[in-house]
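Worksheet: one structure, shown below.
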Amino acid sequence: MAASDTEGAQQQIDEIEALSSIYGDDWCVVDEDEKIYCIKISDCLDQPKWTLCLQVILPPGYPAAEPPIYQLNAPWLRGQDYTELANSLEEIYVQNLGESILYLWVEKIREVLIEKAQSSDPEPDIKKTTEEVDEDDGDDFLLDYKPIQEDQIKMLNCMTSESQEDEELPPIHHGNPITDRRSTFQAHLAPVVTTRQVKRVLEKLYENKKIASATHNIYAYRIYCEDKQTFLQDCEDDGETAAGGRLLHLMQILNVHNVLVVVSRWYGGILLGPDRFKHINNCARNVLVE
């Protein structure tokens, strides 16, 4: 390794350490080996209206000779808004060639969000949608960062009667991740016999910063009710259209019950088309077979 490479690697290490201490819980390591990081940025601390996730990949030549590869993830960020923000980031890079610039980028984005919050812009529509559409719709780089886990848990709250005793958290098993073109998929499994346990497991998984920052957390569960001799089952796409239904279908084919399977996907900026469903199902099948 040339001296300059060693120096670059050390600069990256120093910058990452500094950023993780500055941004705390908003800083997330997606993949240490691939140098993929995610920073959640919002207009204020208390009740943010505008939130955006900056995902960066640090190439070996950063900061001396190469810019970070980045992606701006927010459901409201389209067209002109995206172009203007991207141009601002490029400008910062050009003005600070050879320097560590991630802090400048994050603060520039925060400045834009604060301006939006103070202006009369209507609040963003935070409905989560898939970033992949099989017909190319031109908005390929758009991901919704905001996990809708709160909605999912609220929905389960309605289904689980509050009078039930707090059931213990079932053991959670994590499968081996599958990576393809910078997208990573990982399945998590837990034995469950009530919807309340489903809720407990989801809450526990979302406490993990890395899982909470996944682009999609797709899940399905099947519980066999002995007394009625029927199945209680449901699924959630979490923005990856039809993925939850396919996952549930796989569980039906394998004839598994009393189990919850969650598949997390971290999108890496390259569209995978139908392959993404293959990876989701392979992850799930592997964890079920294990």
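Backbone N, Cα and C atoms are what each Cβ position is placed from, and that goes for glycine too.
Note that the structure is a prediction, hence the values are computed from the model and not measured.
Noted in TrEMBL for the protein shown:
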| type | residues | note |
| --- | --- | --- |
| DOMAIN | 14-116 | domain 'RWD' |
| REGION | 120-140 | region 'Disordered' |
Helix, strand and coil totals (DSSP H, G, I; E, B; other) for the domain 'RWD' (14-116): 45 helix, 24 strand, 34 coil
Segment confidence, the domain 'RWD' (14-116), expressed as mean pLDDT: 86
